[in-house]
Amino acid sequence: MKTSMFLTLTGLVLLFVVCYASESEEKEFPKELLSSIFAADSDFKVEERGCLGDKCDYNNGCCSGYVCSRTWKWCVLAGPWRR
């Protein structure tokens, strides 16, 4: 019984050490991933979402694929749920 508990505890400590070592090596990975996601997202916003959220009225229309919201008076995506 004592031997199995000792081996289990040793295995858990070894697993913790291995996980900590791999995490410390890859510490910069999440930062790089997030920065690349936000960089790609900002490029997408400039190209595709140029009109989303712009102020509008019924005389001054929105870009293609967008409609002027009656409630908020800004450009929103056109869709089947819009009246």
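The backbone N, Cα and C atoms fix where each Cβ goes, glycine too.
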Which of these, Cys51, Cys56, shares a disulfide with Cys68 in Swiss-Prot?
Cys56
Bond partner of Cys63 - disulfide, per Swiss-Prot - picked from Cys51, Cys75:
Cys51
Non-local residues, at least 6 beyond the ends, that sit with Cβ under 8 Å of the signal peptide (1-21):
none
Starting from each candidate's C-beta and looking 10 angstroms out, tell me which of the disulfide-bonded residues Cys51, Cys62, Cys63, Cys68, Cys75 has the most other C-beta atoms.
Cys75
Cys56 (disulfide bond): tally of other CB atoms within 10 A of its CB:
20
